[in-house]
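Reading through the structure tokens given below for one structure.
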Amino acid sequence: MKKSFDVMIVGIGGQGTILASNVLGEACLIEGRSVKGAETHGMAQRGGSVESQIRIDGEFGPLIIPGTADLLIAFDLLEAVRYRHYLKEGGMMIVNNQLVLPTSAFSSGQPVPTIDDISTMLDGEHTAIVDATAIATAAGSPLAANIALLGAASHTIPLRVESLIEGVRRCVPQKTIPINEHAFLEGREAVKSI
Amino acid sequence: MEKRYLLGNVAIAHACREAGVDFISGYPGTPSSEVIDTLRTVPEPGCHLEWSVNEKVAYENALAAAWCGCRALVTMKHVGVNVAADPLMTSSYTGVTGGMVLLAADDPFAHSSQNEQDSRMYAAFAKIPCIDPASIQDAHDGIIRAFDLSEEFGLPVMIRPTTRICHSKGDIELGERATGHRKGTFQRNPKQYVVIPAHTRILHKELNQKQPGIRKRLIEYGFNTAVVRGEKAVIAGGISAEYIREILPDDISIATIGAYPIDEEWLAAFVSRHTEILVIEEMMPIIEGAVREVACGQVIYGKKNGYLPHEGEFSPSIIADALLAAGYITAHPFPTVSPAGNLPVRPPILCAGCMHRSTFYSMKKVFKDGIFPSDIGCYTLGLQLGAVDTTICMGASITVASGINRSGEERDVVCTIGDSTFLHTGINGLINAVYNGADIVVVILDNRITAMTGHQPNPNTCLTASGTESPAVSLEALCRSCGVTFVETVDPYDLSLLLDTMKRAKEEKGVRVIIARQPCVIVARRAGWKRHKYMVEADTCTGCRLCIKYGCPAIEFHDEVARINDLCTGCAVCADICPAGAIRREVKR
Ligand code: SF4
Ligand code: SF4
């Protein structure tokens, strides 16, 4: 039935999930493959939890069915937990080692989860937690964290590395191409062991 | 021909250029806004383009351009059609000369809306054709067809993409941009354009006579198609047609409905070849109604007998549930999973440094047991701060406030409305409140932009949609001219002045207007404005959490002290709130 490779990219409004999904879309175009995607616009982008769904080789609707995604890329640890149920059994999860706590966590009076708590929850053979912000900063700008994370996920994505890098070039601002290329490759390097 | 990876609304915008549209108007509203936002930023749009002040104004402008022979596009969200409904209902009588397309973007699941109304009903009500795309490519191609249909039948045509079309992406085949544009000329014809009773009765008859031809043409154009494969059938409309294709067994027939009105003969012929029919469409059971009307003995599964929900958006899993319940499949194709429980929620929140936050804070401080009607915009998020008691539709804060006050309610009524919403339909309520002796405080949250839908300019921004300067609108002068005598403008970052002004307003009677003015922080950042960030001196912080209660997302709380993260935009309000004086401007070493 399902022929597509389904990727969920999740994070917080304003973190650049849409740009990351555009890179995958462009890479599909480069390889002449069909692609469908859905994303959050509007009110939720004001710091709310957001998702981009991309179906590589997708031919039908844009929505990924919970429990069937092949890959989850999370820009924030808490969002990884929130969307984990979208993954199929054995699906890969690439997570940025960053935790931005929502204001609700401080005003609710409940114990506030820490990076360690959540990392332990997520730990498993199909999970890679990557310090994408540090990699991006070393490459020249913390703003390239989304691309570093894509690099880290690139081993799992059924698209050629060259297509992905060309996708990066097409999607990021002209001036930042070298930084982003660098961030992508360093991110890719960071999870070589998987 | 060129293939690109595009957002639905961007593909729609491109199609408008391929169709050679000459006149574009609309009012922003999720999920429709990116169509005009795309067109207004392309180099040489070659046509007139405007953000109008509301949907009725937008619709009437586009209608007039189409009367002058231009191709006109008007865009809005589904609830915007309510505002435009007055001209819409009669524009099908007068008809058009140039092509006119109404893009009404529906929002099943109300991702970003106050209701889940179904614009297909409006098209049926006005007796105009309605294209209901199943995919982005359908929406793109449908726009071009819509202009042709409009000119052929001399009627406005609606296209109603849903959120999952507008805000999804795909590889889309684009055509060539049309070259050359029409210049409008008005041809006097009172029998068509002056709808006095004597004329309108004839026009209504002519409108009805157009209907059979429209139904046939929609079939010829391939909007509504059918494939017979077995005894059982599925009929699906809009995006549901894409979802069902993903899971439909090979021996089940399928008809897809991509445009209305549906030709009954065609539908009856398809229905009569089957014994069981499952109808799948989001929101109103319109196709289902038509199927039930032409059925003779077939078993129909749909919303009316509980196989599918009447509300919300569909997904492949919901459709699989219906297939299973109707016995079309024997096992559910998808795993059952549930999300992790007990996580701190992350709803959208007013930005760090947003001017609305300090305004809400002051209102609550001064009007302790006040009632707070509000309106539609980013500031609806003031709900989280306990400063929003009602929201119903655009412009309904001032009217609800005066209604509550005149009902005999004795507490103070303090309403909030954004600048764009005030100019949209709020001002009528203000005139009415003054005229009818209401006793209310109106706070205009003036951030000089239509923020929530993506920062579109409005008359108060002094810029048009295409970026040319426009004359300034004075909200103060407008309010005064409505008869308001208490009109005070304050900088909402100046907390003591704001509190003071609210206190003075509380002492007065009648309609009092406070204009809180400060640019939206996102716009300010894009314009290169920089303010120093703020920080908490950990030693001085007493851990009282008053700043946390203020609700700015830049303020965190760890190890019994507050901490400011780098979302801070330096509005300085928290420094005024902190009773210990622990918050101060960051000094760069
Ligand atoms: S976008 Fe502007 S108006 Fe909206 S919450 Fe942010 S600062 Fe406030
Ligand atoms: S100064 Fe205080 S209230 Fe203003 S943005 Fe910074 S942390 Fe938030």
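Glycine is treated like the rest: Cβ placed from N, Cα and C.
Database features, via TrEMBL:
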BINDING   B:Cys541, B:Cys544, B:Cys547, B:Cys578  [4Fe-4S] cluster 1 binding site
BINDING   B:Cys552, B:Cys568, B:Cys571, B:Cys574  [4Fe-4S] cluster 2 binding site
DOMAIN    B:532-553  domain '4Fe-4S ferredoxin-type'
DOMAIN    B:559-588  domain '4Fe-4S ferredoxin-type'
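Features recorded in TrEMBL, as mapped to the structure shown.
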residue  : record                          : Cβ contacts under 8 Å, 6 or more apart
B:Cys541 : [4Fe-4S] cluster 1 binding site : B:Val561, B:Ala562, B:Cys578, B:Ala580, B:Ala582
B:Cys544 : [4Fe-4S] cluster 1 binding site : B:Pro579, B:Ala580
B:Cys547 : [4Fe-4S] cluster 1 binding site : B:Val536, B:Ile555, B:Ala562, B:Cys574, B:Ile577, B:Cys578, B:Ile583
B:Cys552 : [4Fe-4S] cluster 2 binding site : B:Ala352, B:Gly353, B:Arg357, B:Cys568, B:Val573, B:Cys574
B:Cys571 : [4Fe-4S] cluster 2 binding site : B:Ala352, B:Gly353, B:Met355, B:Ser358, B:Tyr493, B:Val521, B:Arg531
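Here the binding-site residues are B:Cys568, B:Cys574, B:Cys578, and the one with the most other Cβ atoms within 10 Å of its Cβ is B:Cys574.
Predicted-model confidence for the domain '4Fe-4S ferredoxin-type' (B:532-553) is 95, expressed as mean pLDDT. Ligand 2 lies under 6 Å from the Cβ of none of the binding-site residues B:Cys544, B:Cys547, B:Cys578.
The record gives B:Cys552, B:Cys568, B:Cys571, B:Cys574 for [4Fe-4S] cluster 2. Within 8 Å of the mean position of their Cβ atoms, the other Cβ atoms in that chain belong to B:Ala352, B:Gly353, B:Tyr534, B:Tyr550, B:Ala554, B:Ile555, B:Ile564, B:Thr569, B:Gly570, B:Ala572, B:Val573.
Across the domain '4Fe-4S ferredoxin-type' (B:532-553), the DSSP tally of helix, strand and coil residues reads 5 helix, 3 strand, 14 coil. Other than B:Cys541, B:Cys544, B:Cys547, B:Cys578, the residues of this chain whose Cβ falls within 8 Å of the Cβ centroid of the [4Fe-4S] cluster 1 site are, in sequence order, B:Val536, B:Thr542, B:Gly543, B:Arg545, B:Leu546, B:Ile548, B:Ala562, B:Cys574, B:Ile577, B:Pro579, B:Ala580, B:Ala582, B:Ile583.
Helix first, then strand, then coil: DSSP counts for the domain '4Fe-4S ferredoxin-type' (B:559-588) stand at 5 helix, 7 strand, 18 coil.
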